[in-house]
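Notes follow once the structure below has been shown.
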Amino acid sequence: MQYLFLVLVYAFLVFLDQFTKSFMYNISNAQIGYSIPILGDFFKLTYIENHGGVFGMFQGHIVVFTIISTILITYIIYTEWKNFLKSDFIKKIAIIFIAAGATGNMIDRFFRGFVIDMIDFRGIWQFIFNVADIYIHIGIYMLILIYLFKKEK
């Protein structure tokens with residue numbers, strides 16, 4: 001039952017990420033820089049196409065970045081599957097968040113040739129990002145906390 005729940009959480013997270021990207025793509029008519037103010041200039045939804053990696057690094061090298069990302073994700077899944085199965089529930093949730101974020105961005109890279117970013121906190125953060133990026137950060141922060149507070153057996 002736990003695995004069904006985890007699969008459903010993963011599927012929901014990927015769906016939500018793809019939904020937000022499709023929404024922004026459609027409402028903006030794929031016009032780069034199209035912006036919807038939510039909280040004035042502090043928080044906006046701004047359509048951009050990221051043809052690189054995290055925070056726009058490696059711009060213009062999407063094919064290389066996609067190949068490297070695919071190899072790394074495949075390697076991690078292959079080597080960590082047994083550990084995942086033995087992990088406690090909270091660690092599984094953290095890994096599901098990271099996997100859903102990576103999957104959401106890989107879907108964009110494979111089918112669009114770029115990743116749609118739209119979450120724009122220009123008041124405090126210079127980068128525009130997406131829901132999948134948030135998932136990856138949540139998962140990483142959860143893993144860090146798990147390892148920091150892990151009791152030695």
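Residue numbering: from 1, along the chain as shown.
Note that Cβ sites are derived from N, Cα and C of the backbone, with glycine treated the same way.
Residues or ranges marked as active site by TrEMBL: ASP117 (among others). The Cβ neighbour count for ASP117 (active site), using a 10 Å radius and every protein chain shown, is 24.
The Cβ of ASP133 (active site) has 21 neighbouring Cβ atoms from other residues within 10 Å, across all protein chains displayed. Look at ASP133 (active site): DSSP puts it in a helix. TrEMBL lists ASP133 (among others) with the feature active site.
TrEMBL lists 54-77 (among others) with the feature transmembrane segment.
Residues annotated as transmembrane segment in TrEMBL: 89-107 (among others).
Remote same-chain partners of the transmembrane segment (127-149), defined as residues 6 or more beyond its termini with a Cβ less than 8 Å from a stretch Cβ, comprise 13, 16-17, 20-21, 46, 48, 54-56, 90-91, 93-105, 115-120. As annotated by TrEMBL, transmembrane segment applies to 127-149 (among others).
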**OP:** Sorry to bug you, but what's the C-alpha spacing from ASP117 (active site) to ASP133 (active site), rounded to the closest Å?
**Re:** 9
